[in-house]
């Protein structure tokens, strides 16, 4: 090889690569041909000698770790053989020199070896490699041993495998060994194991299509990436978009994002997400919503430009470059789209399993719509142009829905419905045109069948003549120099012409749509900068490659060259920035391939030349290619078996192109006559497509920015001059594509490019399936490996000095550590790496050769391992020594104890022996003595028994004799007495019989004598004497009777039964004797009566017996009945108890369930309330934003329309008040506000944009109405929540008692109210009658007594009212709970009475009483039975109602379970709300009535008090001066009245603006907060309001409040970024609001006041509406405060919580790539945890100084901690480098410090700690064990605050920092997912860091007395005075 004599200057003789020196010429001065891609080497900066190329190249190969460079081919040398195997080619390109790292090939080192299936396979060395070895002993991962033979020529060793700690890195350039297997393995691990589809490769983002929807593109992810550095977060398309957006704003340079890849790799989706990111982040500068239109262009372009292919269901069949325009504030203002190389051939032909463009199938799917009936469409299988692929349906895609989306997008982009129908009409015409058939007449002519239906429909839709169209489809016009003639064409040519016409129509329609989309996206203002998104197809190679693949690969060659230049440029800038020596060397460049295609006599040039030939053909063109380039260009080859194809060696691979069809596709011929027929169409849209074709066909031409269009399609004008026509024919498709590509490259070169390479992991669209062969093909083709090669050839590993020191501190000794980190690192590296060429020191970084970091990691791991071994050795020795000492000590102790035990045993033996002898002695003695005592006792016992027996016998004999004598005596006496009694009875009986006989005889005689009158008269004479005789006789008889009576008594004693019978006879005899004495004639009757009585006695005795028997029977029956009743009663009682227990259980269960439901409903209501409150506060935020925007627009319009005129300039002094009244006052309407704004002069009105003004005005009014409705709804929700809570607390178990209690309460309250009315009337009457001032004066005794009495009476009434209510409720409950009382007669008493009744009368009475008792018992039993039945019925009814309620609840639950979760919750909530509402309506109405009555009485009381005050004033005024003089002088009262201020401030109406200015607008919060009382401005403003209220001046009150609100808004608008200002006015606004509540006069707010404060309440105005306005203002200030502190905390959080090492030495720094993240080591200026805590202290101290409410401070602290937790967790979830065990420890320590801060500030109950729970659980998740199922269970139970997506994400991102940690297995993650699949949580990955908790302002009354407030002179308020 010849050397170049001109050092550093290009030598024209060298046709290949050249050495250049950086000393002689800079990179920017080199031409494209001179600089054939440069790779930087670490060479000292010295003069480069003139070396042969082979030497330079060999040196390069010795230095590089992994050379990806194709071996250079010098002129005249042969190229590698085409038959070379893919494995050898791959290995030769990406191999590794053995001279570099041969010392790393030791035992257990892991390497990569080529494999035909997996491309690369991992293996492990079984022994060390020594130079000269020809075979490596390897062991594969499956355990199989292998002998790997080295190449005998190159002796190249297989590539080394990276340590496991580096596997899975975000950036491929961070790998220590940079080569193809390392890249492939890293991508596979990230894609399969971690489910990460994005990876950096230097400046390239590699995106692998997952074929699955991933939740990583939401707005929360966009917000997380917004504003972040590209290396700080995990790789993402949003990171690339953010980098482009940031560089555009920072560098003032346009940007480009180049998205490339194979079909199906996800290019379109990546471009779509990039545009979505710009639309979301930047927003729109106008009301036109340009970002929505930009996104809406995607469905339109996809429908007309995308189609299904064998590799992709939504493949883009055209290229597009979208420029998104931005204004100076970097907001989207418009967009512009360029398209190129639409695949028109797809319109007329589709391969197997492919489809035409989506729009055709969408039309066919929507053919049934009424508006599409005229298109006469049908199924897609009916049309020739849509059925060729045989796959008209895509799985999971609804073409009809897609059609709706397409039409909506068209409408959004301004394409009217008429134009849309026109587009669909043309598309339908194309489909019908494809069905047109031709009939051959002969070989050279054909015809269309007459009245051919498809052609007829086509002509009707297109509005052309049928005959004319059918004629020109079968003929063509030929024009010569002299004449024109018409020539018929063959059937084949006719079909080709038909297809060409269809393609031409579709291409023009496509361009027309693109043109209209660009018009809709056109910017109305000047474009400042743009970001272009290029969606371009990647390198393509198929079995049959044609003209389209040729153009695509040509474009990729150009883009690859541009990519190489950009990569080199970045490398150069990095090295120059770090000021390290570098040398330019050459490497492979694809410029020769580009020259082969586009240079003079290149492929395209020869193709265009052949197209101009009259008889040009594909074969002749192929021969020209062979003749021109074969054997002359190394990149051009001819296939061995074909003469109609050629091969080009592209940068990615060899591609064989078939020449057939090249000429036809390049010419794109369409017959002019057919176009002329279409131009004459009556359909307006069709001619529009073809008029001015030069302009229309390139819709991006003549853009406002002056850019040249990218694509122009060749069309002939309708009436063109011959010269012009011929000129147009020269512009073939290839020529146009070359020009458009040239313009594209110019645009890209003028921008900063960003690269996204999309990779298709498999050809079967399986989700998360990785095919190594397909992946490595695409990696080689898309330039990823080229980036790796360039990085590997230079300094791929780069560390800052601090990172290097932190990582490799373990390799340094203490004496090596210096104060200068840079010098320390230099000294250490010189010792560790002897070859200084392996590293270089820059200004801020250390640059390493490839493999050096792995070497350092190996040394570090060996050092750590040695340290571990030493620690283990020491620990084990210490443990063994400790164990030995313990064993020795234990042995001695055991010996001591054993010997002592033995001695004790011997002594015990001796003692036992002696004791045994003693025991034997005493035992023997005891036995003998016991035997003797037994014998003695037995003898004594026998003697005693014998003697006792003899004495007892003698005694028994004497006793029997004595008893015999006694018996004989009594028997003999009884016999004598019995004999005597028998004799006496016989004698007496005989006497009686004799006397009876004699009496009968005498009686007969008396009767006979009595019958005769004379006898009677005779007898009557001397009657007195007879009477006297009879009297004496009676006396005698009486004496005799007495004696007889005594005898009868004796007889009765002897025989009781007979005596009892005869006693009655004796008595009757005595009576008969008396009667006989009185009248003897009665003797017989008496005897008869005696006989009757005896008979009756016998009867009575028999009846008595029968009654006794019946009584016994009745008793038995009664006892049986009573027992049965008792049993039945007991059964009923048990049943009742069971029922009661069941009812109580059910009631308890229902109560518990209802309580649970109530608790859940309360929680749900609280959540709903918080949601409504949050929504309301968000609307307030939006309202304030719109209000600010309205103010800005108004100011801008005022500036625009304000034209200064001489001598007059109008100033609207009432602008603020008018605006505030329009905004806040409920009394001033929009109609009243309009005249105020229309007062401007007419010349100002002319320039206003009234439509925008009215639109804003309407929007503000709508927001006001929505705010009012939301406020009402919020109040209603709060009221419902309070009522539900009150009901839950006061709800008794029985609803009847509750209603009764409420009615009693209402009645009691009504009576109380009546009483109060009467007392008040009496009081009023008494006060009006009493006029004496001494009586009614406030200080008078009577007045005080009256007040005391009133107070005591009211208290007593309250006490009595509660007592009455309690008593009545108890009575009601007793009344309802009726206990059955049993009144059963005791049977035992009845039986005793029956037994006692022995007399006849008693028995009869007993019988009657028993019957009555029986009836009574029966009636009682019946009543008891009825009561039991009624009770049972009521219980059954209750049970039935409970069952029905339960069934209804179950039905409702079943219905709810069938509903979706959202509807289920809503239905149950609605049901419960309805039920609770129905239950509470009555109570609410009653309570409202009572509240109204109480309020009315309160107002009356206030009126009476006011009248009393007025009466006092009037009486004081009526007192004459004389009376005043007569009064005793009280000198104490005079100074008291001068100092007794009323807590009011008086000011003049004209000083209002001055007051607002001094107190609000110009007030400095710092001075007020430090020197004065907190909330002083609020107190002053309220005291002014009090005075205006005292004066009853409503205008003054309204004006002051309005001015105050506007003033606060102006201050916050002006100084809204100052935390102190916002905090100060939030505190004062809340204090002002509390003052309005505290002194409003409402009882709920007055109960905390002192009597003096109650006197200061407002008397005339109800300012509730202004309280609501102030509450809204406080909410807005709070939200602004949150935004301010968020902006302050945001930069600190990630650095302080994640990156800063609070515990030094715990976290390790891993090697990083080109995408450098922010250093985790705290440098100067970085934030730490102490910075966050200091800032929190600052916030807290400021809020405390301003006197902010403690509850509000807690809410602010809770919001701050939520922001800290959310931002930290979101960054943790998006940063793989932060997910490690040590980082979890750092986070937990940081959180503990924050908790300690909360404890110090007494804020632990603020809820702030709970907001950090997700972050705490994420840190715990990083630290817990993650191996077994128990660990999975523990993780699932522990991480309840994290969502499933977050848990899986953390586990996927978990990365070991050193070799001692283990990765999380994929199976463990699957276990976690299975366990968590039933958890219902949000699928959202990130927390909403912008979320603001709804704020509440709890009432906080002030104890400060208004009259004691002093106004400092520093406020400048001298114009107001205290009242």
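The backbone N, Cα and C atoms fix where each Cβ goes, glycine too.
Because the structure is a prediction, the values reported are computed rather than measured.
Noted in TrEMBL for the protein shown:
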- 167-861: domain 'Myosin motor' (DOMAIN)
- 261, 262, 263, 264, 265, 266, 267, 268: ATP binding site (BINDING)
- 697-732: region 'Disordered' (REGION)
- 741-763: region 'Actin-binding' (REGION)
- 1013-1196: coiled coil (COILED)
- 1204-1225: region 'Disordered' (REGION)
- 1214-1225: compositional bias 'Polar residues' (COMPBIAS)
- 1267-1296: region 'Disordered' (REGION)
- 1418-1507: coiled coil (COILED)
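Those same-chain residues not listed among 261, 262, 263, 264, 265, 266, 267, 268 yet with C-beta within 8 angstroms of the centroid of the ATP site C-beta atoms are 209, 312, 315, 537, 538, 758, 760. With a cut-off of 8 Å between CB atoms and residues at least 6 apart in sequence, the same chain places 207, 209, 758, 760 near residue 266 (ATP binding site), listed in sequence order. All protein chains considered, the CB of residue 261 (ATP binding site) has 27 other CB atoms within 10 Å. Across the coiled coil (1418-1507), mean pLDDT in this model comes to 69. By neighbour count, meaning other C-beta atoms within 10 Å, the densest spot among the binding-site residues 263, 268 is 268.
Taking H, G and I as helix, E and B as strand and the rest as coil, DSSP gives the region 'Actin-binding' (741-763) the counts 9 helix, 8 strand, 6 coil. Each of the binding-site residues 262, 264, 265, 267 was scored by other CB atoms within 10 A of its CB, and the lowest score goes to 264.
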